[in-house]
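Student: Look at Swiss-Prot and you will find Cys12-Cys33, Cys16-Cys29 tagged as disulfide bond.
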Amino acid sequence: PRGSPRTEYEACRVRCQVAEHGVERQRRCQQVCEKRLREREGRREVD
């Protein structure tokens with residue numbers, strides 16, 4: 001089965017921080033992954 005949204009969020013941050021570099025990396029990854037998480041949850045509610 002798919003991981004929980006929280007698990008997917010953590011995995012997103014890990015992948016993002018591997019791909020990104022720099023001081024802003026952690027905050028930018030957090031914003032990107034939170035946005036993605038909200039969009040996924042929003043779609044699930046609409047379905």
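Each Cβ is built from the backbone N, Cα and C atoms, and glycine gets one as well.
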Student: Near the Cβ of Cys29 (disulfide bond), how many other Cβ atoms are there if near means within 10 Å?
Tutor: 19
Student: Measuring Cα to Cα, how many angstrom lie between Cys16 (disulfide bond) and Cys33 (disulfide bond)?
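Tutor: Distance between the two Cα atoms comes out at 8 Å.
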Student: Taking only same-chain residues 6+ apart in sequence, whose CB is under 8 Å from that of Cys33 (disulfide bond), what do you get?
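Tutor: In sequence order, Tyr9, Cys12, Arg13, Cys16 meet the Cβ cut-off.
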Student: Let's check the environment of Cys16 (disulfide bond): how many other CB atoms sit within 10 Å of its CB?
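Tutor: Excluding its own Cβ, the number within 10 Å is 18.
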Student: Applying a 10 Å Cβ distance cut-off over all chains shown, what neighbour count does Cys12 (disulfide bond) have?
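Tutor: For Cys12 (disulfide bond), the count of other Cβ atoms within 10 Å is 17.
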